[in-house]
C-alpha cells in the first residue's frame, strides 16, 4: 500500500478523503496548510461580520482538523506557506485587479501551493508516494477528468496543473456525490459532518470584497458611461471592483431598466455599462487565451470539444481555431459575459485537454476594444 499525505483542511471533503484512503489500507498522514496571516498581510478591512469576525478563521479549521485526525486515528502535522502564497498567488491577484482583469485565485493557488509546495513538502519531509485532496475530480496516469458530481466538479480549478503533478495526486471523492460524502461523514460521527462548504478567496475566506481590496489597492473613482449613448450616468469607486456582466453595486438608480457592466477603459477610469435591452455588448463569439496548459497530446485530432469560462457553467461547444506558442484561439456560438483574466478550460467529453487565461475577446471578427 502507498504512503499518502492528505491535505486536511478541517472540512468534510478532505476528512472523508482521508477516511477512504485509510479504509483502503494506505498509510495515511494528514497535513493542515496555513497560507494566510491576516495580521501579517494587513487584512483588516472587509471582515464579513465586524462584531463576531475572528481575524484568523483558519485557527478554527486547524482545531477541527486535529479532532478529525484523532477520530480517524491518523497523525497530523501543520505547515505554513504564507510567504509562498503571497509571492506566487496573492501578488498576482492584486496585479491583475490593478490591470482591470478579473482573476481567479483558485487557479494559481492549486498550481503553486496545493500541488507544488505542498507536494514538495510531502515528498521531502514525509517521503510520500502521493498526495490527496478533497477535490471533486478524477485523475488517471496524469490525465484530468471531471468529477462524477456535476454540481461540485472542480476540474475547472485544476486546469493549470501539470501532468507530473497529476501523476502524484489522488482525488478519493472523484466518483462520489456530495450527498454521499455527507452521509459517510455522518455515519462515522465526524465532528465536521455538517460543516458548511468553504467559500470566498482560496485560503483567505469570505470578505466584503470592495473593502478587502482597499487593504491593498487605493480606490480610483471615475465615470460610469452608457456605452451606446456615451452619456455619463454616475460615478464609480474603482474599476477593479466590478466584473463583466455585473448588474448590482454601481449605484445607478431611477433607470427604466437594469444596467450591466460591459467593459472599461482603464487609462481613462471609465466603467462602461449598458441597459438590459442592449445585451449585445456582453456577447463574444471567439477569444484568445494565453498561458496555455496542454494536458492531451492528441487534442488537435479531437472533435466535439466543449469549454467552460467560469466555475459551474455548463460547457458549450467550441472549435480550436489556432495555436501559437503558448496561446490559442477558439470560436463558439455567441455567449455573454466572458471575462478577461478568468480561465477557459477545454474538455473532450469529461477529460480536460487544454486550459488558459482569457486575454482577448472578439465579435464578428473584431476585437472588443471596450475591454481595454
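Cβ coordinates come from backbone N, Cα and C, glycine included.
What you see is a predicted model, and the numbers here were worked out from it, not measured in a lab.
What Swiss-Prot records for the ATP site is 7, 8, 9, 10, 11, 12, 13, 14, 33, and among 134, 142, 147 the residue it adds there is 134. Cβ crowding, taken as the number of other Cβ atoms within 10 Å, peaks at 9 among the recorded positions 9, 342. For residue 11 (ATP binding site), the nearest neighbour among the recorded positions 109, 135, 342, judged by Cα separation, is 135.
Across the residues annotated as binding ATP (7, 8, 9, 10, 11, 12, 13, 14, 33, 134), the two Cα atoms farthest apart lie 15 Å from each other. Secondary structure at residue 13 (ATP binding site), taken from DSSP and collapsed to helix, strand or coil, is helix. Measuring Cα to Cα from residue 13 (ATP binding site), the recorded positions that fall within 10 Å are 135, out of 109, 135, 342.
Among the binding-site residues 7, 11, the residue whose Cβ has the fewest other Cβ atoms within 10 Å is 11. Taking 109, 135, 342 as the recorded positions under consideration, the smallest Cα distance to residue 7 (ATP binding site) is found for 135.
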